[in-house]
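Input: a single structure, listed below in structure tokens.
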Amino acid sequence: MLRPSTQRYSVTRPLYSEDAFEDEHAKVYRKHKRFLQHVIQYFTCTSERAKNTAISLLPVIGWMRTYSIKDWLLNDILSGVSTGLVAVLQGLAFSLLASISTWYGLYAAFFPVIMYFFLGTSRHISVGSFPVLSLMVGSVVTRLVPDEGPPANITDFEGLTKEEQRILVSASITFLVGLFQLGMGLLQVGFIVMYLSDTLISGFTTAAAVHILISQLKFVLGLTVPGFSGPLALIYTLESVFTQITSTNIHDLVTSIVVMVMVLGVKEINDRFKSKLKVPIPIEIIMTVIACGVSYAFNFSENHGVDVVGKIPNTFESPIAPSLQVFQMAAVDAFPIAIVGFAVAFAVAKVYSVKHDYVIDGNQELIAFGASNIFGGAFKSLAASTALSRSAVQESTGGKTQVAGLLSAIIVLVVILGIGFLLEPLPKSVLGAVVIVNLKGMLMQVVTVPYLWKKDRPDCIVWVGTCLAAIFLGLDLGLAVGLGLELLTVVFRAQFPRCCVLANISGTDIYRDRKDYVNIYEPEGVKIFRIPSPIFFANIDFFRDKLKDAVGFNPLRILRKRNKAVKKMKRLIKKGELTLTSNGLQATCSMPIEESEDESNMEDLDMPTDYSDLPIQVNWNAELPANIQVPPVNIHSLVLDFSVVSFLDISALKGLKAAIKEFIRINVDVFIVGCDPYIIEKLRNCKFFDDEIKTSIFFLTIHDAMLFIHESHPPKTVSEKVSGSFQYQHVNSSSTSSGLTIQADMKMEVETDPKPETRF
């Protein structure tokens, strides 16, 4: 890299306004299609479009054509076996969060995976149950079918046991989540995930981890705690746990502690030596096998009252139709589940797509997960997404494509149909311990709070607000609060941007905030104002207020003062109390004369000053006769830097037009620089320009405008500064000349040619 101090550049070009630039450089005319033409093109079918559509809807066609059996198959087999074992354990564990029987969690590791194999665009994520989604589903399940008391008034519940009612609710929610996701995918609204920032997701998942941790205490301690839902459910759960703490099952507690210590220790070894380990040590599987053996050998269930997984059917249950009544009661809950499930899966998929250099399609991912959840919901599966830990296993063990995911589903199938009975003595406390251990990553996200507080406080507020709201109000309301806070921060940043006054870095064409640099000067009589955001209805008033603060006066107030002063002068001259002398106007009465009420008409005072009946040229910066007071204006030019203004709406356009006219009417020249050509075109279409505001006020750069101002208002000589006594000059009484003569000093450290060219 070359040292900056050795580099110089020199450019010689004409001084360009927007009009001059367009005259010299003709724009290419591009014909824009009408809406009807877009519709016709969208529905026009060709063989090429049909082929591309088929590949986009079935991505498996694209990557299977390039599948290398020799290089990839063995890796996919090893990855599929490892991922399948983890998926079995997590499926059993996460089903506890949904307050349903454990084996239904295995369905989430089978049915959705089959559908995603054909429709998904990510090659590395492991589709299946996700603890946050399971917990959100569980909150709806316990609300409609509580542990204590009658279930909700749903006719489809008639003749069903409580367990069957819960399965119906869980399956219906999963089906509805799939419908939401599929609908959004077909409508091409995959961009909606962009409204969930990393900060919001981090705060939300941390709160979900707290909920999951508390919900697993009853399994770790061997207690019977009813399920709670709604605001403050976490508090009620903790209250129930602590009131029964003396009834803790010691065998469950000791087993959980041993499992957690061992799993955490080995996971730390896996992380520290991951570069040397070809395959991570499957400690969760090992501890599960050991726990099953110990529980079976000592008959934990009957001898020590330990709650175990119990009988796992060695067959698939028949599919069921979802309940429309559950749809009606759970629609508000299902939509955030759909959004969170997709957002988490898309975020994980994006990480691996960047790492392995391939493209994922957000809309196709919505379609894939929607179809997967519809298919899974019909077979009583839990809502599916992905889990970072399970996806990490699939990728780190060498998985190349979703063939690994398909093989993991086959492993789950073998467990369900063949060896599921071996897991029957597994204590639920072990599953609870596995769930808690897997929360480490989400719980450790809290360490980002101090960093956010130092670097970006609005983001910190979003994180903390989302987390606290989700903890105390529930995950659904917490997500809504988080979205509200996030939108408020966006509005706040756009509505109250950091406006600044720019000045010139000496000897350059560079302009920066005058507060940030030492070797910087602001040309006398000129203000350069920058607003670093779009200008729209919400911030136009803020923009105008900041502009007034920057120039140091209110142009409308100045205009009204001047109009009142002119009316006074005309009236005084008419009455003979103000006479015209060789040195200007001479007042015969030193006492100011009060203005009448009709002179305060605001509509008249807001119009340009009328000098037609005044036989002089007024210098408003000089001392006025008859003790007339008008605040001075110390600038003759105002430059508005629009280089970062991306759009204007109609309300902002009207406000901007009014603001510019206020300055023009007090003889302050206004220039707009760096404006996007499309904004200028919009201004033309919206009749922004008139007799007062011309297109000539637009310049390409700040320096172009400054050089033009320098030519229009050259610096005064020393003799002009000394002799400038601001006297009222006598003019021909028949003259109708009007306007202001404003004199100001200005310094420009540039060279200009006689021709309108500039060298930097």
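Using the three backbone atoms N, Cα and C, a Cβ is placed for every residue, glycine included.
Per TrEMBL, the feature transmembrane segment maps to 73-94 (among others).
Per TrEMBL, the feature transmembrane segment maps to 100-119 (among others). Within the same chain, residues 57-60, 84, 87-88, 90-94, 127-129, 134, 138, 141, 163, 166-167, 170, 309-310, 312-313, 316, 364, 367-369, 371-373, 375-376, 379-384, 402, 405-406, 408-409, 412-413, 415-416, 420, 428, 431 sit at least 6 positions outside the transmembrane segment (100-119) and bring their C-beta atoms closer than 8 Å to a C-beta of that stretch.
Taken from TrEMBL, the feature transmembrane segment covers 167-186 (among others).
Annotation comment: TrEMBL describes 192-214 (among others) as transmembrane segment.
The feature transmembrane segment is assigned by TrEMBL to 219-238 (among others).
Among the features that TrEMBL reports, transmembrane segment is placed at 250-267 (among others).
Taken from TrEMBL, the feature transmembrane segment covers 279-298 (among others). Residues 78, 82, 85-86, 89, 255, 259, 262-263, 266-267, 269-270, 304, 306, 308, 393, 396-397, 422-423, 425-427, 430, 434, 437 of the same chain lie 6 or more positions beyond the ends of the transmembrane segment (279-298) yet place their CB under 8 Å from a CB of it.
Non-local neighbours of the transmembrane segment (326-349) in the same chain are 121-122, 124-125, 127, 130, 132-133, 136-137, 139-140, 144, 152, 154, 156, 168-169, 172-173, 176-178, 180-181, 184, 190, 192-193, 196, 198, 201, 204-205, 360, 362, 365-366, 369, 373, 383-386, 388, 391, 475-476, 479-480; each lies 6+ residues outside the stretch with a CB under 8 Å from one of its CB atoms. Annotation source TrEMBL lists transmembrane segment at 326-349 (among others).
Feature annotation from TrEMBL assigns transmembrane segment to 403-423 (among others).
Annotation source TrEMBL lists transmembrane segment at 429-453 (among others).
Feature annotation from TrEMBL assigns transmembrane segment to 460-485 (among others).
Residues annotated as domain 'STAS' in TrEMBL: 516-709.
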Q: Report the listed stretch (192-214, 250-267, 403-423, 429-453, 460-485) having the maximum count of Cβ pairs within less than 8 Å of the transmembrane segment (73-94).
A: 403-423
Q.
With a cut-off of 8 Å between Cβ atoms, can you find at least three pairs linking the transmembrane segment (192-214) to the transmembrane segment (403-423)? Only pairs 6 or more residues apart in sequence count.
A. no
Q.
Please report, as numbers and ranges, the same-chain residues at least 6 past the borders of the transmembrane segment (219-238) whose CB is under 8 Å from any CB of it.
A. 96, 99, 138-143, 146-148, 210-211, 244-245, 247-249, 251-253, 256, 305-307, 428-429, 431-433, 436, 471-474, 477
Q: Take every residue in the domain 'STAS' (516-709), average their pLDDT values, and give the whole-number result.
A: 83
